[in-house]
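So Swiss-Prot lists the following for this protein:
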- 1-27: signal peptide (SIGNAL)
- CYS48-CYS86: disulfide bond (DISULFID)
- ASN55: N-linked glycosylation site (CARBOHYD)
- CYS251-CYS276: disulfide bond (DISULFID)
- CYS269-CYS288: disulfide bond (DISULFID)
- ASN294: N-linked glycosylation site (CARBOHYD)
- ASN313: N-linked glycosylation site (CARBOHYD)
- CYS461-CYS555: disulfide bond (DISULFID)
- ASN500: N-linked glycosylation site (CARBOHYD)
- CYS587-CYS773: disulfide bond (DISULFID)
- CYS634-CYS680: disulfide bond (DISULFID)
- 677-734: region 'Bait region' (REGION)
- 703-728: region 'Disordered' (REGION)
- 713-728: compositional bias 'Basic and acidic residues' (COMPBIAS)
- ASN749: N-linked glycosylation site (CARBOHYD)
- ASN776: N-linked glycosylation site (CARBOHYD)
- CYS849-CYS885: disulfide bond (DISULFID)
- ASN871: N-linked glycosylation site (CARBOHYD)
- CYS923-CYS1274: disulfide bond (DISULFID)
- CYS1081-CYS1104: disulfide bond (DISULFID)
- CYS1298-CYS1444: disulfide bond (DISULFID)
- ASN1401: N-linked glycosylation site (CARBOHYD)
Amino acid sequence: MWKSRRAQLCLFSVLLAFLPSASSLNGDSKYMVLVPSQLYTETPEKICLHLYHLNETVTVTASLVSQTGRRNLFDELVVDKDLFQCVSFIIPTLNSPDEEEFLYVDIKGPTHEFSKRNAVLVKNKESVVFVQTDKPVYKPGQSVKFRVVSMDKTLRPLNELLPLAYIEDPKKNRIMQWRDIKTENGLKQMSFSLAAEPIQGPYKIVVHKQSGVKEEHSFTVMEFVLPRFNVDLKVPNAISVNDEVLQVTVCGKYTYGKPVPGQVKISICHETEAGCKEVNSKLDNNGCSTQEVNITELQSKKRNYEVQLFHVNATVTEEGTGLEFNGYGTTKIERITNKLIFLKADSHFRHGIPFFVKVRLVDIKGDPIPNERVFIKAQVLGYTSATTTDQHGLAKFSIDTAGFSGSSLHIKVNHKGKDSCYFFYCMEERYASAEHVAYAVYSLSKSYIYLVKETSSILPCNQIHTVQAHFILKGDLGVLKELVFYYLVMAQGSIIQTGNHTHQVEPGEAPVKGNFDLEIPVEFSMAPMAKMLIYTILPDGEVIADSVNFEIEKCLRNKVDLSFSSSQSLPASQTRLQVTASPQSLCGLRAVDQSVLLLKPEDELSPSWIYNLPGMQHNKFIPSSSLSEDREDCILYSSWVAEKHTDWVPHGREKDVYRYVEDMDLKAFTNLKIKLPKICFDSAPMSGPRGKFDLAFSSEVSGTLQKGSSKRPQPEEPPREDPPPKDPLAETIRKYFPETWVWDIVTVNSTGVAEVEMTVPDTITEWKAGALCLSNDTGLGLSSVVPLQAFQPFFVEVSLPYSVVRGEAFMLKATVMNYLPTSMRMSVQLEASPDFTAVPVGDDHDSYCLSANGRHTSSWLVTPKSLGNVNFSVSVEAQQSSEPCGSEVATVPETGRKDTVVKVLIVEPEGIKQEHTFNSLFCASDAEISEKMSLVLPPTVVKDSARAHFSVMGDILSSAIKNTQNLLHMPYGCGEQNMVLFAPNIYVLKYLDKTQQLTQKIKTKALGFLRAGYQRELNYKHKDGSYSAFGDQNGEREGNTWLTAFVLKSFAQARAFIFIDESHITHAFTWLSQQQKDNGCFRSSGSLFHNDIKHPVVSKALSCLESSWKTIEQGRNANFVYTKALMAYAFALAGNQDKRNEILKSLDEEAIKEDNSIHWERPQKPRKSEHNLYKPQASSVEVEMNAYVVLARLTAQPAPSPEDLTLSRSTIMWLTKQQNSNGGFSSTQDTVVALDALSKYGAVTFSRRQKTSLVTIQSTGSFSQKFQVENSNCLLLQQVPLPDIPGDYTISVSGEGCVYAQTTLRYNMHLEKQQSAFALRVQTVPLTCNNPKGHNSFQISLEISYTGSRPASNMVIADVKMLSGFIPLKPTVKKLERLEHISRTEVSNNNVLLYLDQVTNQTLAFSFIIQQDISVRNLQPAIVKVYDYYETDEVAYAEYSSPCSSDKQNV
């Protein structure tokens, strides 16, 4: 196809070459037509016509010619003798984003004919789109909020339909997608929730425009703790190689602006030298420290580098907490310690006119150096000079170019003289020098015009800028009476302004010279850069010109102001945010905690940022073909000499008018002299840039015009550059700490004002607020960033452990900080509670003085008395008192005189947690049915730890629906386990939809869980499209066949509900296909840590299944129960009813029928503990195979028979008894398959209740509770605590319909030695308290081996609970993942979880470190639990204590 297109282009180019392109001129008529080199569709564009000395009426025609034909732009009849006028036209939309086309300009009259073409780029009008997020960095599990903004190039809002937007994770997985997003008044707000364990790193929001152009915005996902304070490090940008001291200033400031007390460590390192210099100091009262660091030993004088660096690091450690934050900086070591900067030196010079140079001499800090000699040399001219810098470091020179005929001027300026140190060998100080090259402006007559750019500053909008023009005209001017200068101003690739100036020529004046001023209005449309071209035409047809660029203020028409009612507010107080903008503007507001921006700085929304957006950039058009303009013949050298009477020949580097026009991004159609003449010798063109044209023509003729060319132009370098008063004694209880406070859209009223009342969050910080507003009249406006300090004169911080064990005691500490400049008398109080006892430590609780900018800590020795969550409320209040504080009178602040902090502590019982669940499915039909239940406790139960509750549900899936993200009391840390967070939501949605019970609330919740599970599962994807339990782990693991098939199936089902990138399904399917053998079976690949489902019949290939069934049928081995169940379901899915029936019949012979239920058990079960009071829950594989039997019966074709439903119900009765308290089962895969079976059974048998069901539970004592179940509350989980444990209860059900009853019993039991499937040994290092380190930090060492009935366990979880007040040292835990047998580690609030692939009889040993966070007294032992993930009855317990747990010293 490409070759065909190239051939068409080639033929088209050849045909175009035969179209009229020569000029036929009459008399002195002159033509100059200027048009932008890039034209935009659906936008008014201008072509400027300049015709004069016409002696007849002519018609000017402009048209575009492309492969699709010719489009006429305009026909203009010109009757005037002289004309300078711009004509507007509009080009219709293209079918492609852009096209290179030929623009033809034809001028025809009775005796005139002029035709010329040039290549231009026609582009469809493009919108400007960008994305703003509510913050730059997110934690796992947080919601990413963002808004899409759409505008045209004038920055006015668009109601644009954007076809596609998506979020891409660091592995380029598309994790969320939206289609057909419609912006309203230029704005669309959207959000997306991150998974609890997403891939961490840089994410992208990608938005596609209708043209196919993509706009991207990045954000970061990472685990972080917001910095409490900022470290500001100041070092010089550069120092001399001879400097011996480096001044370093470090300041620590809290986010609310107050100084940080503490220490600072400064480290200075040379980038190429070993070793560093360190200095320690204390921060002063302002939170700062300035140090003069001797760096002599770090300096080097012999290095092969022009510039080297010092890397400076400052670590500030907060007093009291030990928190550390860093600041970084670099300082250059330069041997050129002074610099010469050209302030004025044009890029081009004019022969015969002085060339002015102005330079500034500055030192290494950028400060001007006065009274120093500066030398200048222009070697080609033989010009040398010297002068002394003035008080501003300036030196000025004027270079005479009279008699100079060269094409370039090389200028060098020096400070002092020659260097004693050359090249890069040494690091001694060198003297400053600078060079500049200027090229000649071409004019055969030596006539010139020159525009003076008086200032290098940025031009402000809405003002008049005066441009001064100087000119000198030589040569034969004849009887010229007046001279007209024409000018154009361009911005963003379009002609913005035009005008002219007439100069009267005095008779006999020669040469003609003078100057004049042009007043240019600076408009919004000219930003960020405007270009001005001025030219005039001499009588002989020569054109002289000049141009100048202006940097324009990046201004916005819509003036937006944002303000808070006060710049400082108390936490939890009311404030008002006011926005002023153009009337009816739509404004997006944002306010972010400054701590977030300290953690991850971002580019601030500003006019500069807007004008640098890709959609605002004007790209220079470079034609893809050498046929972009008509060929021109060269002039023979002999003719040149005869005509011009000179043997001087242009060199080719001079700047002619053609290049001035080209630099303006204009195309010129003219019969005037605007180009350097091309001189030929012996009919051959001169060598040089333009001499290559003929060769280029022959080699590139096939590429004349390109539609949607891939050779895109490069962007130009951007220019350098009050609420009602509150009771001041109102108490502040701080509990709301968002990272983004304001993220909202408001509409400004007709007077241009919008006000929003809001509550200040409880975070003591500085909030950074901003607004962007869009108006149909004035476009986009941005406010400056407005701070609000959420601050109170004093506040209290409370520290306590995450949890303690009953019987332990800990020190609760409350630190009060005073940030007023005066002293206060304070009282601090811990609110009394029956849940704990608190003994004050010290005598300062009633009243004490707190000095200005001081802090004070009060302590209580606390012993909890109740189990569960215990609240601690600490209040501090400034008191009115006549008693002085030292020599000062104690003051009381007007507002914020009391601060209260409430924190929660978990108090746990000692021992091992146990849970038992008793489930019953009652299906009543008028007659009452009942069941007795006994709750008993073991003799080793921990006192007061037992609790139980009874639940009633009207739907078989009620419990699972309520707990879809917490179905198991187990971790979910691998790819297979994550699917239990994903797949059940599909079954729930399908079931509720089919039974017409799906509410919007449940749907929203389930869709959120599906999206989170989808994100998490992508963590475990391999590059080849497969999946494994722990991902590829840098290529060390291969994909797992079973898990890949499961993910493929689940993703395919989830497509009906959420976005799933189709590539993930395609890649998984392709990988699975590659694993299939010739016989239809699949190669078993990768590790699956559930040994009981590692049978080869995972294949869905029927030929493989047929062969497997024959083997099983012949063997009659009971080991194949699981296999039969799975095969029955597989044949049912494949539609092979005969095979399904045959296998189900075989299974019926092995079924266990008891208690009105039917189920199947596997042989060779692991032995059960003799100490079990209750029948244990069925194993994972047994639940799974029974669920497969139900699924096989329900997948009958065309529908399940009454017998299928009856038998399924009997198995469902057994399955429901295996559910845990959250609606899940034993493990992950059994939960997924069983919930699938329950949902399908429920959907098939669902019917609306005709009568209410009445459920009653009563004890042998006085307790009795009734529940009603009806259609309106079928999904409601009704619950009541049970008072008598131990105790006997009776459950009775009457009415009509099925109800699901569940009793959950929980208690703790003391650890006792018993037979288990694992040998577990735990000890601490050091073992005793002899080592002082044992108080605060020690190592936990574990040894594990498998002693069960199988050769090896399944995947094993080691759950290590932390001692109260201790936390794990995370790096030492993470390091365990390097061990071969540990695939993953997790650190939660109070536990460390270790995932072991499997455990054999070979002992595995590993250890990590824990350290004390808060001191706890009477420290109780902590439990370590090791269990088989899929055989949860295989479990072992051990306990450990602190080496110093028996230490009786005070805490």
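Glycine is no exception: its Cβ is also placed from the backbone N, Cα and C atoms.
What does the local environment look like for each feature on the list?
Around the Cβ of CYS48 (disulfide bond), the number of neighbouring Cβ atoms within 10 Å comes to 18.
DSSP gives ASN55 (N-linked glycosylation site) a coil state; it is part of no helix or strand.
CYS276 (disulfide bond) counts 15 other C-beta atoms within 10 Å of its own C-beta, drawing on all protein chains shown.
CYS288 (disulfide bond) carries a strand DSSP state (E or B). Around CYS288 (disulfide bond), a 10 Å sphere centred on its CB holds 17 further CB atoms from the protein chains shown.
For ASN294 (N-linked glycosylation site), the number of other Cβ atoms no farther than 10 Å from its own Cβ, over all displayed protein chains, is 12.
Sequence-distant neighbours of ASN313 (N-linked glycosylation site) (same chain, 6+ residues apart, CB-CB distance under 8 A): ILE266, SER267, CYS269, ASN326, GLY327, TYR328.
The Cβ neighbour count for CYS461 (disulfide bond), using a 10 Å radius and every protein chain shown, is 18.
In sequence order, PHE84, VAL484, PHE485, TYR486, TYR487 are the residues of the chain that are 6 or more apart from ASN500 (N-linked glycosylation site) and have a CB within less than 8 Å of its CB.
With a 10 A radius on its CB, CYS773 (disulfide bond) counts 34 other CB atoms from all the protein chains.
ASN749 (N-linked glycosylation site) falls outside any helix or strand according to DSSP and counts as coil. Sequence-distant contacts of ASN749 (N-linked glycosylation site), defined by Cβ-Cβ distance under 8 angstroms and a gap of at least six in the same chain, are PRO583, GLN584.
A sphere of 10 angstroms centred on the C-beta of ASN776 (N-linked glycosylation site) encloses 13 other C-beta atoms.
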Which whole-number mean pLDDT does the model give the region 'Bait region' (677-734)?
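So the average pLDDT across the region 'Bait region' (677-734) works out to 41.
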Using a 10 Å radius around each Cβ and all protein chains in view, which of these disulfide-bonded residues has the most neighbours: CYS251, CYS885?
CYS251
When you rank CYS86, ASN776, ASN871, CYS1081, CYS1274 by Cα distance to CYS885 (disulfide bond), which of the recorded positions ends up on top as the closest?
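So, of the listed recorded positions, the one sitting closest to CYS885 (disulfide bond) is ASN871.
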Let me know the most crowded of the disulfide-bonded residues, choosing from CYS86, CYS269, CYS555, CYS923, CYS1444 and counting other Cβ atoms within 10 Å.
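Max Cβ neighbours within 10 Å, all protein chains included: CYS1444.
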Let me know the DSSP-derived helix, strand or coil state of CYS587 (disulfide bond), please.
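Reduced to three states, the DSSP call for CYS587 (disulfide bond) is strand.
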What's the CA-CA gap between CYS48 (disulfide bond) and ASN55 (N-linked glycosylation site) in angstrom, rounded?
20
How many whole Å apart are the CA atoms of ASN776 (N-linked glycosylation site) and CYS587 (disulfide bond)?
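ASN776 (N-linked glycosylation site) to CYS587 (disulfide bond), Cα-Cα distance: 12 Å.
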Taking the Cα atoms as reference points, how far is ASN294 (N-linked glycosylation site) from CYS276 (disulfide bond) in Å?
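Per the Cα atoms, ASN294 (N-linked glycosylation site) and CYS276 (disulfide bond) stand 12 Å apart.
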Just the number: how many Å between the Cα atoms of CYS1274 (disulfide bond) and CYS773 (disulfide bond)?
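The Cα atom of CYS1274 (disulfide bond) is 48 Å away from the Cα atom of CYS773 (disulfide bond).
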For CYS48 (disulfide bond), just give me the three-state DSSP call.
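The residue in question, CYS48 (disulfide bond), is strand (DSSP, three-state).
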Spatially, which candidate from the recorded positions CYS251, CYS276, CYS773, ASN1401 is nearest to CYS849 (disulfide bond), comparing Cα atoms?
CYS251
Residues with Cβ closer than 8 Å to the Cβ of ASN1401 (N-linked glycosylation site), same chain and 6+ apart in sequence?
SER1345, TYR1346, THR1347
